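Please read the structure below before turning to the comments.
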Amino acid sequence: MATQQTKSQDELTSARSLVPKQPDIAIKKAENEEQDDEEQIEEAAVVVPPDSGWAWVVMVASFLCCTVIDGIVFCSPLIQQQLMAEFHVSKAYVSFVSSLLSGCYLMAGPFVSALANRFGFRAVTITGAIFAGICFGLSYFATSVEFLFIIYGVLGGIGFCMVYIPAVVIIGFYFEKWRALATGVAMCGSGVGTFVFAPLTKTMLETGWRHTLAIQGIIVMSCALFGLAFRPIQPITLSATNEEAGDEQEKSKLNGHGNTVAPTPQLHQAAFTKPLPEGRFAYSMPNSAHNTYMGASQRNHYPTAQEIFKGMNLERRPSGTAAGSKGTELKALRKSQPTTPNGDPQQLTFNLHKELTTVGENEEEAENDNLLETDAKSVTIQARRHTVSGRRPQDLAKRAAAAAAGNDGHHGQATSSSRPMYRDDIFFSGSLTRIPQYQSQTSLAYHMSVTRLPTKQDMLQDRQKGCRICPEAVRRTLATMLDTSLLKSASFMCLAVSGFLTMMGFFVPFSFVQDRAVHAGMTQDQGTAILSAIGLVNTFARIVCGSISSFPAVKPLWLNNFALTAGGLATIFSGVVINTTSQWIFALFFGVCIACFSALRSLIAVELIGLEKLTNAYGFLMLFQGLAATFGTPIAGALYEATQSYDMAFYFAGGLILLSAFLCYPLTYVARWEQGRNEKITPLPAA
């Protein structure tokens, strides 16, 4: 028996000696990395909009970006006459120059959103402005219309999208209470840009279209300066730790002033643990009831911060942060909280769903948090502001010492960074009071409920140096925005097809209204003034539409249907009498139409399919609308060439806009029918 054991041991030793040592090193390295990851601090970053201060600077920068980008896009058809004369091409063919610019400017939306999610608003905006400016500069040397198709239309449109998407989305990141107003003001840049660039482009065209594009390229590059204002917002870091430490440990955390020093943040119960077979990382939930949350039937669902902390008995224990941020206000609250007779600060626990208060609320609200008992373990939730840099802390002891000195060591580094596209409401442009989740809970609780957490793989890639072709933050955003399961929704498809038809006719008046006015006997200046009038009406209509839609009694779908119907009819009959008065009346109706269409898309989508599907809906809406914008104007140009009359082009545009309104009329009933059908076919959960 002993001989057999010795033989087995010799065979085992021999077998081990045959295994290369490099894999052993790799295994040990992997084990060390795994242990390092386990020791690594896991946190949940939740952005609470500041609603003041630098937010207003961001709004102005967004307004200026929209002014430049939309102004050039809407006025780009003005160069078509000179292109037709130089390259001897038809109006339908040359229309692709401007239609590709407007189409790619929309179709690139999901991909630009993914880049902004990974690299931030500022970097994408600056890169896009420089890239678009270079494309416009290269267009100066165009030798054919096809050259302009690629450089000016496709590449220039992508660059424009890299400026426009961050400029629009960042408003929701910086504003909560004033979101509707700030979005309306920023989007006014579209109308102001049309009003300004129509006469400006006409003046520049006197020197030739090449010089015009070169000057516009320089103007576009100025958006890089505006993009500098899109600095990363400081998120609130939420972390949970088990409160098993005794009184001695708690007393050891007291500093010389009798205030508690914030403990090292941990999130063991909300850590990201094991990968699924498909390679996606699952989340381990704090309670057993959530252990199957990422099951096979819900692998596309990423939990929110509120779902992670749901059911916990939480304690808010904010720590210090950079001076001037809202975290400083939290620190002041901690200093002024009531103490026990022994001098220890009282622990304020609260129910996550009902009693969470927003960052920086007054001390009275902070001190009146309800004390609630639950069956879950006592967990500490911390909230602090930090800058977003993605660098992990190197020395916890230094951080503790810095915290004892009144500095938490996060000036310039952070354990986690926020992902803007992980918010369900990132594309919502209306007042948050229209969202049921916002009305039923307090500010911080709402932001936790709409913030979906990154996976462990995402966080590791954020900390690692080097360039990845398609990191998790990009893949996840694209997968969310282009999730084809939404195409099975009848109500969404009605909305998407309606938007497609609207955009088919959207840019036609911008391309033909001046030429039609001149053809009817009006002067060039009067024709250009019609474009400026559309921009002027669009400016005021954006603000009015945003204000009206803030009232709960106003239905965005009804307002949208009325505006599209009026705009479609005005476009169809705009050529009956062509004079200054009639064309300004047309500009009034059409300006209101495009303002309501642009401002109400997100509100209608939320009412139909819910806030959690808004990002997915916006991805497909941008693709549908971009595709329509690419081919709408060339088709109208072909109709003009076939009939030698501008009437057919405007009949085409107005008819499509009117048809899109008719598709929206039964949307409410379609949504109700779809909801009832889904409730009937939804299987009951297993006992």
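Heads up, the Cβ atoms here are built off N, Cα and C, so glycines get one too.
Just so you know, TrEMBL annotations never went through curation; they're auto-generated.
The feature compositional bias 'Polar residues' is assigned by TrEMBL to 1-16, 336-348. Annotation source TrEMBL lists region 'Disordered' at 1-21, 316-348, 383-421. Under the heading transmembrane segment, TrEMBL lists 54-80, 92-112, 119-141, 147-174, 181-201, 213-230, 485-508, 528-545, 557-578, 584-606, 618-637, 649-671.
Below 8 A, the CB atoms of the transmembrane segment (618-637) and the transmembrane segment (485-508) form 3+ pairs separated by six or more positions in the chain. Within the same chain, residues 184, 187, 190-191, 427-430, 434-435, 492, 495, 499, 502, 506, 509, 513, 530, 533-538, 541-542, 545-546, 549, 556-557, 559-560, 562-564, 566-571, 574, 613-614, 617-618, 621, 657, 664, 667 sit at least 6 positions outside the transmembrane segment (584-606) and bring their C-beta atoms closer than 8 Å to a C-beta of that stretch. Below 8 A, the CB atoms of the transmembrane segment (485-508) and the transmembrane segment (649-671) form 3+ pairs separated by six or more positions in the chain. When the stretches 54-80, 147-174, 213-230, 649-671 are ranked by Cβ pairs under 8 Å to the transmembrane segment (557-578), first place goes to 649-671. Note: the stretches the transmembrane segment (54-80) and the transmembrane segment (649-671) are not in contact (fewer than 3 CB pairs below 8 A, sequence gap of 6 or more). Only sequence-distant pairs (6 or more apart) were considered; of these, fewer than three Cβ pairs between the transmembrane segment (147-174) and the transmembrane segment (528-545) are under 8 A, so the stretches are not in contact.
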